[in-house]
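S.K.: I am attaching a structure below and will ask some questions about it afterwards.
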Amino acid sequence: MDTLKRRHLGMPDYSGAYQESLEPEYSEDKFYKPTRQQSGNKWLGFSKEYQDETLAFLKEYHEDIIPLALTFISFWTRFYLISFANFVVWDEAHFGKFGSHYIKREFYFDVHPPLGKMLVGLAGLLAGYNGRFSFNSGETYPDSVNYGFMRLFCASFGAWMVPLTYYTAKELAFSMQATILVTLMVLLDTAYLCISRFILLDSMLLFFTLTSVFCLTKFHNQRNDSFSLDWWLWLTLTGISIGCVSSVKWVGLLVTALVGLYTIEDLWDKFGDFHMPKSVYLKHWIARIVCLIVLPVAVYMLCFVIHFAILNHSGPGDAQMSSLFQAGLEGNDFNNNPLEVAYGSKVTIKNMGYGGGLLHSHVQKYPHGVGSEQQQVTCYHHKDSNNEWLVEKPRESPISETEIEFVNNGDTIRLLHSPTGANLHSHSVKAPITKSQWEVSCYGNDTVGDRQDYWIVEIIDDLHEKHVERMRSLTTRFRLRHKILGCYLRAANTVLPQWGFKQIEVTCDKRNNIKDPHTHWNIERHWNDKLPSAPAANYQSKFLYDFWHLNVAMYTSNNALIPDRDKEDILASTPDQWPLLTVGLRMCGWADNAIKFYLLGNPIVWWSGTASLALYAVLWLFYMVRRKRHYHVRQWNHFLYVGKVAGLGWLLHYIPFCIIGRVTYIHHYFPALYFSILMAGFLTDHLASKLTNAKVRNAIFGTFYFLITIVFLYFKDIAFGMDYPSSEMQGRKWLSSWNIAS
């Protein structure tokens, strides 16, 4: 058929002064044209009446049939051979393990919000998985793990991207040809296909990114019918979508920013509408605050409510949380703690700042040229014997052999690192990172040292008692003031370089700020054979404190994910490599007899998307010059609107990765890729609409369809799995930087 024509609908008036059709004019009688000469009343063996009825049916329902067909193909491609690799592939080692913790209800820690991982846990639960598999990278799945179902569950999110793209393009007023084009680009991109077929979070992140854009465009098209049922529906769904996408990964905040910028512009335009009553304008503000701020935050926080409710047992992530939170977990051994701390007790000391860790030391010293080069002191977020300290008196005041002496407010103490025997120490040497503060180190031993090893206990308060003079386990907040320098022991989530194992810098702060929570500490674990265990208590921390504490810890750990110059990460890539697809990623081992997957996009999709972004910038400048000369630019408001959605969306999802210092991989570009695809479809449509010859327009779109499809078929094995030597892929190594072939 020569032309596919959508129903011709007048679009909303973008300028407010005139209304224009956003579609090229097609003749209704040219919609379906026979491709070959009919002979008599028979064509392909069917009667003329049957042919007419079929064509009439297709003509009437083509806008339903096309997306249904594309959605069917989407699910088929995402599900096809999904169990082919019967081993743990790439980051399934992480997210499968997190799903296991939900099933076993063990508390764990990760840098991402919990929604996506809870969905992975749900997939495992529905698959009958018991949570016992270790998910070690490359390990073969046992028969007890229905990994195929878990992959299908995750792949379904990737499959729904196709109909979402189709209907988003419709809402953006693309022609039918352009709508099919962008849908094909999402459907047949090998990177989108490959990333969707494993137990990962990316398909969920992309799904909710697309729902956010779709709901935003639906809401935009209701702008002339404010406060109607549909207007409220799509505004609410936009808020829920950005809440969900931000609850999968913080990258979702970028599409949230897109919605926010759209909202700011929309409210600014309404501010200039002198015909709008102030009460109505105020309602617009209230509606957006409720639906686009309060509702997304509520969704985000609800995910953490569920997260904490499920993970109510002690697990590998306990040390990331406050001591009181850990005390409320089932299976912890805090009930064995003696209540009051005495001299000779062995303790672990927890920083009470948001995201705070445990006071820690190890045999490694500060490197040459860094401070005193004495033994390092850090804060660490995992349970370890190097977190243990002995509470001792000053050397001139030995501990009584017969009487138990408790640690009181105002006492001078010495903290001896239990594994190494060195003293917690500070001196007038600048800290390694925070140069305005003094360094904290470990120095000497039980008999060798000086007065720089002494610290004064300053009790702030106790969570259970109003006035306490003795230091208690878990509940007493205190500060440690250096006896000679007068500075306070502090850990403020500053991450040390690799020589400090990316742990948290501990300093001695010259400022006396009692409100600074990073100078507040509490005793978490307490051992003393001479003291009885504390009476049983029902410890319970506050949700808001735990919520904020965990998010700060996530932020701190994210900041620690920076490239290590001393180690080569062969999987990592840089943002400048992504738009031109100059890099791919091996997702597993590359042995000749192994099943292999290579994360690489469809070159036609990626290159045309990037080219369209550059072309849009040129066209925008060209049109601005013409408008300055008072030339009419057809569909100017629509050109700007789609440019803001697609162009600004791409910038918001791409530029931050060029700025941040953390390690990056090619899949970080996938949300930005979607916006470049929208731009490619829009510009092809925009330029083709200027052509008067329908056959030429069809030829342009047909060429794109053909190229995208044929290249997908040529590269499909990198997504479905290669069980042959990679040397056979040499012909597909179009760029020398692709390590697809050995």
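Placed from the backbone N, Cα and C atoms, the Cβ positions cover glycine too.
OK, TrEMBL features for this one:
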DOMAIN    338-394  domain 'MIR'
DOMAIN    404-460  domain 'MIR'
DOMAIN    468-526  domain 'MIR'
TRANSMEM  65-90  transmembrane segment
TRANSMEM  115-135  transmembrane segment
TRANSMEM  147-166  transmembrane segment
TRANSMEM  172-192  transmembrane segment
TRANSMEM  199-219  transmembrane segment
TRANSMEM  231-264  transmembrane segment
TRANSMEM  285-310  transmembrane segment
TRANSMEM  604-625  transmembrane segment
TRANSMEM  645-663  transmembrane segment
TRANSMEM  669-687  transmembrane segment
TRANSMEM  699-715  transmembrane segment
S.K.: Using DSSP, what is the helix/strand/coil residue split across the domain 'MIR' (338-394)?
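M.R.: Per-class counts: 3 helix, 28 strand, 26 coil.
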S.K.: Can you break down the domain 'MIR' (468-526) into helix, strand and coil residue counts using DSSP?
M.R.: 6 helix, 30 strand, 23 coil
S.K.: With a cut-off of 8 Å between Cβ atoms, can you find at least three pairs linking the transmembrane segment (199-219) to the transmembrane segment (699-715)? Only pairs 6 or more residues apart in sequence count.
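M.R.: As far as Cβ distances go (cut-off 8 Å, pairs 6 or more apart), the transmembrane segment (199-219) and the transmembrane segment (699-715) do not touch.
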S.K.: Taking pairs 6 or more apart in sequence, does the count of Cβ pairs under 8 Å between the transmembrane segment (699-715) and the transmembrane segment (172-192) hit 3 or more?
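M.R.: Contact between the transmembrane segment (699-715) and the transmembrane segment (172-192): present.
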S.K.: What parts of the chain pack near the transmembrane segment (604-625), using Cβ distances under 8 Å and only residues at least 6 beyond its ends?
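M.R.: Cβ under 8 Å, 6 or more out: 185, 188-189, 191, 579-581, 633, 636, 639, 643, 646-647, 650, 673, 676-677, 679-680, 682-684, 686, 704, 707-708, 711.
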S.K.: Using a Cβ cut-off of under 8 Å, list the residues of the same chain at least 6 residues beyond the transmembrane segment (645-663) that approach it.
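M.R.: Residues 172, 213, 216-217, 251, 254-255, 257-258, 261-262, 558-559, 561-563, 569, 572, 575-576, 578-579, 613, 616-617, 669, 671-672, 674-676, 678-679, 682 contact the transmembrane segment (645-663) from elsewhere in the chain.
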S.K.: Where else in the chain does the transmembrane segment (669-687) make close Cβ contacts, counting only residues six or more beyond its ends and a cut-off under 8 Å?
M.R.: 165, 168-169, 172, 174-175, 177-179, 181-182, 185-186, 189, 191-192, 195, 202, 205-206, 209-210, 213, 251, 254-255, 575, 578-579, 601, 605-606, 608-613, 615-616, 619, 635, 639, 642-643, 645-647, 649-650, 653-654, 657, 700-701, 704
S.K.: With DSSP as the yardstick, break the domain 'MIR' (404-460) down into helix, strand and coil residue counts.
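M.R.: Looking at the domain 'MIR' (404-460) with DSSP, the answer is 3 helix, 29 strand, 25 coil.
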